[in-house]
Amino acid sequence: MSKQRLVMIGNGMAGIRCIEEILKRNPEKFEITVFGDEPYPNYNRIALSNVLQGKTTQAEIVMNDWSWYEENNITLYTNEKVTHIDREAKFVRTENHRTVEYDKLLIATGSSAFILPVPGHALLGVTGFRTIDDCNMMMETAKEYKKAVVIGGGLLGLEAARGLLNMGMEVEVVHLMSNLMEQQLDAPAGALLKRDLEAQGMRFLMEQQTGEIIGENRVQGIRFKDGSETACDLVVMAVGIRPNVLLAKEAGLEVNRGIVVNDFMQTADLSIYAVGECAEHNGNVYGLVAPLYEQGAVLAEHICDLATEGYTGSLLSTQLKVSGCDLFSAGQIHEDEATKAITAHDGVAGTYKKVLIRDNKIVGIVLYGDVSDSNRLFRLLKQKADVSEYTPASILHKGADEGDENLVASMGPEETICGCNGVTKGAIVQAILEQDLKTFEEVKTCTKAGGSCGKCKPLVVGVLEHTLGGAIQEETAGICECTTLSRDELTEEIRTKGLKTAKEVRYVLGWKHEEGCVKCRPALNYYLGMIWPEEYADEKQSRLVNERMHANIQKDGTYSVIPRMYGGVTDVQQLKKLVEVAEKYEVPLIKLTGGQRIGLYGIKKKDLPSVWEDLEMPSGYAYGKTLRTVKTCVGAAFCRFGTQDSMSLGIALEKKFERIDTPHKVKMGVSACPRSCVESGVKDFGVIGVENGFQIYIGGNGGTEVKEAQLLCTVKTDEEVLRLAAAFVQYYRETGVYLERTAPWVERMGFEHVKETMMDEVKVNELNERFETAIAKYREPWEEVLQTPQLRAMYEVKHV
Ligand SMILES: Cc1cc2nc3c(=O)[nH]c(=O)nc-3n(C[C@H](O)[C@H](O)[C@H](O)COP(=O)(O)OP(=O)(O)OC[C@H]3O[C@@H](n4cnc5c(N)ncnc54)[C@H](O)[C@@H]3O)c2cc1C
Ligand SMILES: NC(=O)c1ccc[n+]([C@@H]2O[C@H](COP(=O)([O-])OP(=O)(O)OC[C@H]3O[C@@H](n4cnc5c(N)ncnc54)[C@H](O)[C@@H]3O)[C@@H](O)[C@H]2O)c1
Ligand code: SF4
Ligand code: FES
């Protein structure tokens, strides 16, 4: 039987999830064509908040990459808007005059950000927050401009405002009502939220109505209806969304707020379905993904001719993706005559709980500050459980046997654990068993559960523990005795809370010892420098002694001086200088190092500055957690086996990466043929010349734990080697644990994962960009010491 033609308009979250559901049920039934008017494959719109807040990158939020469409034989047209549906002749036409015929049509056009139609709304610097392009616009603006105003104190507005704060902008939120998130929170919870956000640096203009956006070409401020004004360089409108229904309306389909569908997501034209934010079922249009995914599953059953009871509507719950503001809301939020409320408000702890009960059933939940009861209460609400036997206290607080683990045990396989990604308990259990998963991180990578807002982590961990019988691996040992935060948790907190100094980190994150310890001080200095490359001022006193002195202390208290010799290549001038210095300071030992340079050993501390002054050579960083050396062979210039110019590539690599801070030392090597005279196969980043280019090896180590490097890929040009090297070094910088070499790092991350990242053009570009930003701040350390009297004074010997 020939395949039916299924055309989908809209390449977003609900539509593509629905296609996945169809493919799961019957991959052979349809020849599928998808149109999307954005230029990207399907991405996680939810996670745009995280991109803006700097918690993840744009490349990481792609859910179905280009190859997924190819592998599933889906014809995808991106950047192409469908402008007409011909229901008679059953085809769609696009703005490029392309026509495609269908047997079944799926409308999944989602919504658009509502832009207040006030004067000035089209000025430069005014945007909604809905797409990758909006997100990019805000990120670019934040680089150049100072102050943002977000209009709308709902979920989206507050997440956007937090993101803009993270990017260093001053942020004011303009809100129409007296209470933030008034659709989800009552007054006491809204007040607590406002207090916490103000403490994070957000400012609020409450009960204000925007009258006009001021500016000539670009926005300069906002004038409110009461005549007051505020200046700004960016306006983000987050005042709600409007379903994209025009196309359906013009085709004569029934449209209210959304496209009207029956319980099978079918319009009155039985060939046409609608799913997602553009669909209206039983008078409801949903704006969160969990219900949209439920709709997609029902639609898939129906369109694949399988029996289904149909969609019956969804109960929603919301959470805010802003660290430090834990809240949960579901169902009704205000009391009425038929409901009674049980509340607990702890003003000191900043927690608030309210449960609304009607006819002995929970009909509404508002939690702020402590959301540990959210899963249990939401379940009671969904089940319409009779709570007449419960005391008010036992409704508000769980009993000893009602933790997440017991809750998880009683959940059915079809129940959703992760609302953001629509992952059920059954899907997680299946993944754990089939793929032998042992940690939350593994479950997250494999199923996506917990990968967006992260609020479902306790439940995911609960499923893991329940499935493995409690055998969950310990993942989060603190980085030192001062804290229980792991490296990942710490860096996340630094980013989201915008912490810019070590002192601030220790204070805000509740360090046990105010001054930190020998373990966390250098680690924090590294993480802060990596996260805030442009703003963080290096704390020299937190560095290990050799890095502080820019020289390696020896067992007799003297120091070694090892200047750079790029690529192991030197010249007469350098050699003369070395000889002069060795004579002048009576250097007891001159030795060729393992890294192809010349070391002067036994130098007195007080002589260090003048030795460097006389040498006039850059530091070789033989003491640093950074690039040590790039060893090269003579290569094609002199060796008869050489296929490539190893020396010039090695020198270019060394010049590009010298001084950059990395979690641990990094060694590189470039050999010009597979004889690999400089042991490229045991380097952190090794290059071997072959006939048509270079093989690149990563994660090798020739030290205490010898580890063979693994072949990453073969590239043709020096430029490609340099580009991949920057991506590799930057990725290691961003994800490595301080003092973790690349060999265990590659093992921990998974070689295939690192490889996948290095093969992703977009990610490699982004990593290169961030590397360039990071490297820009480094100066030659000895130059700095020689020019700064306070630094030079460190080398004076104060007592004998
Ligand atoms: C920043 C942000 C954070 C969010 N956070 C959360 C959250 O934490 N939890 C949650 O549950 N929800 C959240 N949401 C809402 C969630 O993203 C949406 O509910 C979901 O994306 C809707 O899916 P959809 O497929 O219906 O629409 P969309 O994802 O908007 O997809 C529709 C696609 O169709 C395209 N399209 C429209 N018209 C045409 C046309 N004529 N031709 C071709 N293509 C067309 C659109 O450009 C779009 O790409 C968030 C939304 C945003 C913007
Ligand atoms: N964490 C999450 O679940 C999450 C995060 C972001 C977005 N979303 C979804 O994205 C969609 C859009 O979010 P949203 O926050 O824009 O919509 P929303 O409708 O939830 O909130 C809009 C807010 O803007 C306020 N507002 C309206 N007009 C205003 C005006 N003229 N001036 C000032 N304030 C005004 C409203 O009072 C309301 O609080 C929603 O469906 C939302 O559920 C969800
Ligand atoms: S690696 Fe090859 S090209 Fe380089 S020196 Fe050794 S034999 Fe010669
Ligand atoms: S509920 Fe948001 S990541 Fe799971």
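These residue numbers are counts, starting from 1, taken along the chain as shown.
Glycine residues also receive a Cβ, built from the backbone N, Cα and C atoms like all the rest.
According to TrEMBL, the domain 'FAD/NAD(P)-binding' annotation covers 5-283. Per TrEMBL, domain 'NADH-rubredoxin oxidoreductase C-terminal' is recorded for 317-384. If you look up TrEMBL, you'll see 417-465, 479-528 marked as domain 'BFD-like [2Fe-2S]-binding'. Annotated domain 'Nitrite/Sulfite reductase ferredoxin-like' per TrEMBL: 554-616, in sequence order. Taken from TrEMBL, the feature domain 'Nitrite/sulphite reductase 4Fe-4S' applies to 624-763.
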Whether the domain 'Nitrite/Sulfite reductase ferredoxin-like' (554-616) meets the domain 'BFD-like [2Fe-2S]-binding' (479-528): three or more C-beta pairs under 8 angstroms: no
For the domain 'BFD-like [2Fe-2S]-binding' (479-528): best-contacting stretch of 5-283, 317-384, 417-465, 624-763, by Cβ pairs under 8 Å: 5-283
DSSP residue counts for the domain 'BFD-like [2Fe-2S]-binding' (417-465), split into helix, strand and coil: 28 helix, 4 strand, 17 coil
Composition by DSSP (helix, strand, coil) of residues within the domain 'Nitrite/Sulfite reductase ferredoxin-like' (554-616): 27 helix, 14 strand, 22 coil
Number of helical, extended and coil residues in the domain 'NADH-rubredoxin oxidoreductase C-terminal' (317-384), per DSSP: 10 helix, 30 strand, 28 coil
